Amino acid sequence: MKKNFYTISKTMSRSLKLILFSVFIGFSIFLIPQPTWAYPFWAQQKFENPREATGKIVCANCHVASMPTRAEVPQAVAADSVFKTVVEIPYKKDLQEIGADGSKVPLQVGAVVMLPDGFKLAPQERWTDEIKEETQGVYFTQYSEEQENIILVGPLPGDQNREIVFPVLSPDPRKDSNYNFGKYSIHVGGNRGRGQVYPTGEKSNNNLFTATNSGTITSIETNEDGTQIINLNNEEGESFTENLPAGTSLLIKEGDTIEKGAKLTEDPNVGGFGQLDKEIVLQSKARVIGMIIFFIGVGLSQIMLVLKKKQVEKVQAAEGI
């Protein structure tokens, strides 16, 4: 009974936090407009795990464009140690994109690091001075209360954060039998710029738009908010309209005859998402010491064999064999 009550209370607490956070974000959108904001909480609300069975990280569902992401991870780490996972999100300097309101804005970046079970964000009291300096202005969040091993960062200004340092604490299998020494996979995702699709499935203005009908363009209307309406008639005299969001750059003009599927705008996207997998070994000190002793033993055995062989050769030479 107590266990059920605890589970229900925990679920209600998590739901309440999510609702309050969503309300806060909703007010923020109106009070503090940020045209290039990316919201990791959309993924947190829709997916229990940000990595699909196919291996794709769900950020790619909205950030359709692909761009490279790199990561630096130690080959091996000791138990209960702090190490750095560095995510590199490269793009050209001073690059700008169109915001949701159609204006030109700097790119922002974000990253996700999916660690093996037991690995988590290192507590700040264990950060070195170097790590503290490298993570200034960076705010880390875990994907959910139950998933300490999935760490999110962003959105952050891209110009100052093309490299994001994640301080990670490794587990200690000697103290917790749920974890084992061995080789593990780390999944990393990095993004720069806005997505091409909203979580609702609608296309953002960060897209190439094509004609949904054929015909001749009779007029192009521009509204106060920057959105545009393309009016056209086909050969049968039917009228159609193409609605374009703010910030798009037209490739067509009045009087042009276009076919269905023809490009209406330039492709404004300059960003993209990339992901990769890395491997890390959780090393046992006892095993390392054992290996060293083993190799020393093998080396000494080889030396003894060589010395013994030379001794035998000397005896044989003395006896004239």
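Easy rule for this one: first residue shown is 1, then count along the chain.
Cβ coordinates are placed from backbone N, Cα and C, and glycine is handled just like the others.
Around the Cβ of His63 (heme binding site), a 10 Å sphere holds 26 further Cβ atoms from the protein chains shown. His63 (heme binding site) falls within neither a helix nor a strand when secondary structure is assigned with DSSP, and so counts as coil. Residues or ranges marked as heme binding site by Swiss-Prot on the basis of sequence analysis: Tyr39, Cys59, Cys62, His63.
Feature annotation from Swiss-Prot assigns signal peptide to 1-38.
Look at Swiss-Prot and you will find 288-308 tagged as transmembrane segment.
Neighbour counts of Cβ atoms within 10 Å were taken for the binding-site residues Cys59, Cys62; the minimum is at Cys62.
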